[in-house]
């Protein structure tokens with residue numbers, strides 16, 4: 001368990017010591033953290049999906065590129081094929097996925113006023129649970145997040161490409177193409193704006209009907225119609241994201257005054273509130289789809305101190321948020337069933 005607590009406490013302590021300050025020490029620490037997380041995620045022999053994807057890799061050894069991209073989503077199949085050709089094993093696949101996840105995460109953090117706080121909040125669940133437990137969907141969520149970053153910089157084409165790349169790792173990510181369509185941006189005017197959204201909507205409809213129809217039916221069968229799946233803790237996770245959405249709406253004026261991406265996160269906030277009751281009646285679909293809302297939760301809580309309090313209460317609010325996330329992580333790591341079975345102890349290439 002030491003390695004997991006080291007991953008969490010290093011940025012947490014640094015964040016509390018350097019609140020919202022972009023010092024040279026903080027920049028160096030973030031670089032060290034990036035490298036450390038990359039090695040931990042790349043060389044691991046543990047995690048929620050590790051046994052399954054190890055078997056998949058072994059199955060694809062010697063397969064052609066076409067076969068590898070047919071067995072599983074094409075992006076992940078391509079990584080398996082490349083790693084097999086280079087004789088890198090499952091470590092090559094996990095390394096490439098880790099690089100994508102961390103690049104997207106650190107890119108998002110670099111654009112926040114308090115990058116260390118965002119990283120501190122992201123590591124316990126986004127990195128350790130999602131990236132190590134749902135490798136393909138972790139990459140997909142990260143690329144959707146990168147798409148929102150591109151939307152913030154008014155780069156619709158790059159946003160669409162990022163989301164489309166995410167769908168090559170988990171087809172469910174293609175539904176996130178709706179976010180650039182309905183997001184309220186500063187450039188919301190003119191024929192070009194309307195035409196670009198109409199084109200994205202047409203692509204989304206075409207893909208849902210002709211490319212991913214069988215996959216969507218499979219998701220519905222597994223998560224909606226079957227009673228074999230039930231996600232414990234889904235309601236709590238939905239409530240946490242819902243709390244971020246509640247603050248988002250309560251502090252709309254403040255959010256718009258301080259940040260320039262209110263319209264981009266607006267659809268996420270609406271869905272976050274809708275998923276709270278949904279998680280009671282359909283826990284697994286709400287939980288898995290809710291992974292795509294997790295970037296909003298992280299951004300919301302990282303910005304919450306500046307939205308709710310200024311001055312002397314700002315530092316107290318930051319500390320309270322960090323401690324809350326650490327408490328949640330403690331319960332998951334030490335009391336959770338799946339963590340004991342699939343994450344603990346941490347094993348890696350040199351174990």
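The backbone N, Cα and C atoms fix where each Cβ goes, and this holds for glycine too.
TrEMBL does not curate its annotations; it predicts them automatically.
TrEMBL lists transmembrane segment for one of the ranges 262-283, 284-305, namely 262-283. Tertiary proximity for the transmembrane segment (27-44) is limited to same-chain residues at least six positions away from its ends with a CB under 8 Å from its CB atoms, namely 3, 7, 10-11, 14, 50, 91, 94-95, 97-99, 101-102, 106, 109, 115-116, 119, 123, 127, 131-132, 346-350.
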